[in-house]
Amino acid sequence: MLVHEEIVQNESAELKQLTYDEALTQVGGAGLYQKRAFLIFGLQWMITNWILFSPVFFFIVPTVDCKNNVECLSQCTSESLDEKCLTYVCDDSQRREFVVGESLNTAFNALLPCNKSLQSIIKSIVYIGSLSGFFVFSFIADNYGRKLALSISWGMTTIGSLLLAFAMNYSMIAIGIFFLGFGGNPAITVHYSFINEHSQGHFREIQNVGVQVFFALGEFTIITLAYFITKWRWLAISVALPTILLNFCNFLIFESPQFLYSKNKKKCVKVLNQIAKINGTQPLRINELASNPQSKENNSRVYTIWDLLKYKSLRYVFIAGVMMFFAIQVTYYGISFVSDQLGLDFFLSNFIIAFFELLAYATTDFFITKLNRKKNIIGGFFIVGIMSLYFIFKSDHIVFRIFQGVLAGLMRFLICVVWALAYVYVSELFPSVVRSLALCLISAGGSIGSIAQAFLINVCASINIHPMVAFGLIGFLCSLLLFPLRETLHQPLLEKIEEDEKRIKKSMLHVNESEEITTSIPVLGNKEQ
């Protein structure tokens, strides 16, 4: 009888144990700590925008001043450094005195446009750095911790910003820009794992898009800085200073408690109680949190890209996600790189595009708790594809040019809405044990798109097609891959891989059946006696 009562008491104690989500609710999933982390993440997103748009604003095309030289005036009919004028200037180094500019295109007593191969490599190397960083830091984040990945990646960003600011030649410029991409883009992608794992409810969804509002604000600030700070080195120093300071803010971010829950229950409770202290909520006792049956396995397990391809539940989702981000970034960065082809002033075009981007993220942030992920992403791609058809037509009429600029802004608006939803969608599609890995590797696929757009623009120029048409077509085709995916709005976040969860449940069922058989044998023996 006493044994039976003890079993009942143990069972009731187990029933009172909290799941991870219940424990996070107790310590606060939308409190002061989460708001502090959101502000830090937002500032890092703002600076990363400066980094990712460095090829646009650090390499502003120089102009030409012939200084009444008759020969120069015959070759360069305007202030624009067109192909004919560029060939004339590059043929003789003494003619470079006619070139006016203080960007990296004219640094170190050189004219970078004369070496187009080197120029293309340096301008695209920030995206090559991003691609490399995604592979490295996704592995670190899902196997050794989100905070370690964030700290190291932002440290690499800082090194890159210092190398760029104090570079003495184009080799140092290339290395600096590589490190900026290598650290910056993966750092902000890891933020999604933090947000999804230490926040709850509508506030989690708002943060996921809110950081992109900071990204759009970053675009406004880099355009403004580039307008007033015309010397590339001072612009680079302006980028480096806040990058350095934000390293100290990383000390205010705790390791993701959900990541620790999959590894070590004691450490998870410790972090949850640190959050409770800041939020002013009730702390947890270690025996209040239910143990994670997969924690022992996860302590020794290393997740790689193979896991995303090996499991049937993840494979197609991963491939579709890669293609979705590829299409998004081809269009997103492509619009910025063809801003000088829209017929308007360079800075005016970029301000229009930035305005639509900010409007897109702010609008999405307001409605994110109600927007279907899949349906709106597919719809956004379709509309961008239809809009791109306008660029098949050509005209020098001022109204046509203005409408082109506005249409490019609307396309940027839609692709930003799609991108904001895509980040939220991908983070909700994958279980926590591979979330950072999936986000970073899918973003890596997007980086391939950001690199490819530069080559795509050249291909379109050679066949006399406006790049916007190609961007729209790619988005339309990639959106077709999203139809088989599930909707995630108002659905609980996954913690384990579906196949692993089934295997664990099956093994636990076998254990329970074995225990029942073992305990039933003596009972049968007693009856026979």
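Just so you know, the numbers here start at 1 and follow the chain as drawn.
Positions of Cβ are set from backbone N, Cα and C atoms, glycine also.
Residues annotated as transmembrane segment in TrEMBL: 38-61 (among others).
For the domain 'Major facilitator superfamily (MFS) profile' (51-487), the predicted model reports an average pLDDT of 87. For 51-487, the entry in TrEMBL reads domain 'Major facilitator superfamily (MFS) profile'.
Per TrEMBL, transmembrane segment is recorded for 121-141 (among others). Counting residues 6+ beyond its ends, the transmembrane segment (121-141) has Cβ neighbours under 8 Å at 51-52, 54-55, 59, 104, 112, 148-150, 152-153, 156, 160, 170, 173-174, 177-187, 189-190, 193, 303-304, 333, 436-441, 443-444, 447-448, 450-451, 454 in the same chain.
TrEMBL lists 148-167 (among others) with the feature transmembrane segment. Panel annotation: around the transmembrane segment (148-167), residues 44, 47-48, 51, 54, 129, 133, 137-138, 140-141, 173, 175-184, 186-187, 190-191, 194, 233, 236-237, 239-240, 243-244, 246-247, 250, 253, 436 of the same chain, lying at least six beyond its termini, place a Cβ under 8 Å from a Cβ of the stretch.
What TrEMBL records for 173-194 (among others) is transmembrane segment.
As annotated by TrEMBL, transmembrane segment applies to 206-229 (among others).
Residues or ranges marked as transmembrane segment in TrEMBL: 235-254 (among others). Sequence-distant contacts of the transmembrane segment (235-254) (same chain, at least 6 residues past either end, Cβ-Cβ under 8 Å): 33, 36-37, 40, 43-44, 47, 50-51, 54, 57-58, 147, 150-151, 154-155, 157-158, 161-162, 164-165, 167, 194, 198, 225-226, 229, 271, 274-275.
Residues annotated as transmembrane segment in TrEMBL: 316-335 (among others). Residues 52, 127, 308-309, 353, 377, 381, 384, 408, 411-412, 415-416, 418-419, 422, 426, 429-430, 438, 441-450, 452-453, 456-457, 467-468, 471-472, 474-475, 477-479, 481-482, 484-485 of the same chain, all 6+ positions outside the transmembrane segment (316-335), place their C-beta atoms under 8 angstroms from a C-beta of that stretch.
A Cβ distance under 8 Å defines the sequence-distant neighbours of the transmembrane segment (347-364), meaning residues of its chain 6+ beyond its ends; these are 56, 209, 212-213, 215-217, 219-220, 223, 226-227, 335-336, 339-340, 371, 405-406, 408-410, 412-414, 416-417, 420-421. Residues or ranges marked as transmembrane segment by TrEMBL: 347-364 (among others).
Summarising the annotation, TrEMBL assigns transmembrane segment to 376-393 (among others).
Annotation source TrEMBL lists transmembrane segment at 399-425 (among others). Away from its own ends, the transmembrane segment (399-425) comes close to residues 192, 205, 208-209, 212, 216, 321, 324-325, 328, 331-332, 335, 338-339, 342-344, 348-349, 352-353, 355-357, 359-361, 363-365, 368, 371, 373-374, 376-377, 380-381, 383-384, 387-388, 390-391, 393, 439, 468, 471-472, 475, 488 of its chain (Cβ-Cβ under 8 Å, at least six residues beyond either end).
If you look up TrEMBL, you'll see 437-457 (among others) marked as transmembrane segment.
With a cut-off of 8 Å between Cβ atoms, the residues of this chain six or more beyond the transmembrane segment (463-483) that come close are 319-320, 323-324, 326-328, 330-331, 334-335, 338, 341, 374, 377-378, 381-382, 384-392, 394, 408, 411, 415, 453, 456-457. According to TrEMBL, the transmembrane segment annotation covers 463-483 (among others).
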Q) So what's near the transmembrane segment (376-393) in sequence-distant terms, Cβ-Cβ under 8 Å and 6+ beyond its ends? A) 324, 327, 331, 400, 403-404, 407, 410-411, 414-415, 417-418, 421-422, 425, 465-466, 468-473, 475-476, 478-479, 482-483
**Q.** Contact set, same chain, for the transmembrane segment (38-61): CB under 8 Å, 6 or more residues outside the stretch
**A.** 81, 101, 103-105, 112-113, 119, 122-124, 126-127, 130, 154, 157, 160-161, 164, 177, 180-181, 184-185, 187-188, 191, 194-195, 207, 210-219, 221-223, 225-226, 232, 235-236, 239, 242-243, 246, 249-250, 252-253, 333, 336-337, 339-340, 346, 350, 450
